[in-house]
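Copied over from TrEMBL:
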- 88, 193: substrate binding site (BINDING)
- 106, 117, 250: divalent metal cation 1 binding site (BINDING)
- 117, 186, 219, 250: divalent metal cation 2 binding site (BINDING)
- 23-256: domain 'Peptidase M24' (DOMAIN)
Ligand code: MF3
Ligand code: CO
């Protein structure tokens, strides 16, 4: 037989069938519902632990399972990352939301064996102008990454699009943002974290190919200062080294022949 390297299929980001994408969208809809309920409940005076309880109830009432709970020992169903917390903040009864807090909530659920993973950033009451811009710039970067989820693109084309989206937001809002170093998105399917890792910046044209049915969790994280972080003694909470505030947005997204399909919508 012939075994010319050039005739081997190039490495691709794992392909899901249309039916599997529908199953992932069902899991993603549960995540979206949980995030909506959490955001509605996130008013001044409530604890982040109470938000966790709301998310877990929504997920279980939908017949799904919280994917974060017990993941490498993680103790909750959401990550609640307030102000200088970037990601993986552990909900706590002692953490009471105050007006002007910048809150990122990350949530995952499993339904019929398929995972959805998404995150949103919002304010408690009214945000300061610069925090509002940070949250919007991060969301804009996510949108830019989503737009690159088309068959024929390669993994780092999505990274590059996220980075380009961040720089476009810097120009639009007239200020710099820190791109958080060392964290990024990921493949997702029957497990939450799968190959490949998706950096939030980088040169285009590298890495595995996107085909119809390739799915990635895209999750830009930006700060108002530097992109350097440290993990607290709880071994989970990631905070900015300089104390600057951070934002995090995430969707689970499929590349399809009809363009990008967001799987974590209500
Ligand atoms: N959802 C996060 C991510 O986007 C991971 C959460 S870690 C956990 O990759 F331990 F909290 F689950
Ligand atoms: Co994720």
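Residue 1 is the first one shown; counting continues down the chain.
The backbone N, Cα and C atoms fix where each Cβ goes, glycine too.
Curation plays no part in TrEMBL annotations; they are all automatic predictions.
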Long-range Cβ environment of residue 193 (substrate binding site), under 8 Å and at least 6 residues apart: 186, 187
CB-centroid shell, 8 A cutoff, divalent metal cation 2 site 117, 186, 219, 250, site residues removed: 106, 118, 119, 185, 188, 217, 218, 251, 252
Averaged pLDDT, computed only over the residues in the domain 'Peptidase M24' (23-256): 98
Between residue 88 (substrate binding site) and residue 106 (divalent metal cation 1 binding site): CA-CA distance (Å): 8
Residue 117 (divalent metal cation 1 binding site) versus residue 219 (divalent metal cation 2 binding site) - Cα distance in angstrom: 10
Candidates near ligand 2 among the binding-site residues 88, 193, 219, judged by a Cβ under 6 angstroms: 219
Of 106, 219 (the binding-site residues), the residue whose Cβ has the fewest other Cβ atoms within 10 Å: 106
Residues satisfying Cβ distance under 8 Å from residue 117 (divalent metal cation 1 binding site), sequence separation of at least 6: 31, 67, 106, 107, 108, 188, 192, 217, 250, 252, 264
DSSP three-state assignment for residue 219 (divalent metal cation 2 binding site): coil
Chain-internal residues, separated by at least six, CB under 8 A from residue 88 (substrate binding site): 74, 79, 81, 106, 236, 237, 238
Output field, divalent metal cation 1 shell: CB within 8 Å of site CB centroid, site 106, 117, 250 dropped: 31, 107, 108, 118, 119, 217, 219, 248, 251, 252, 264
Entry from the binding-site residues list 186, 250 having the most other CB atoms no farther than 10 A: 250
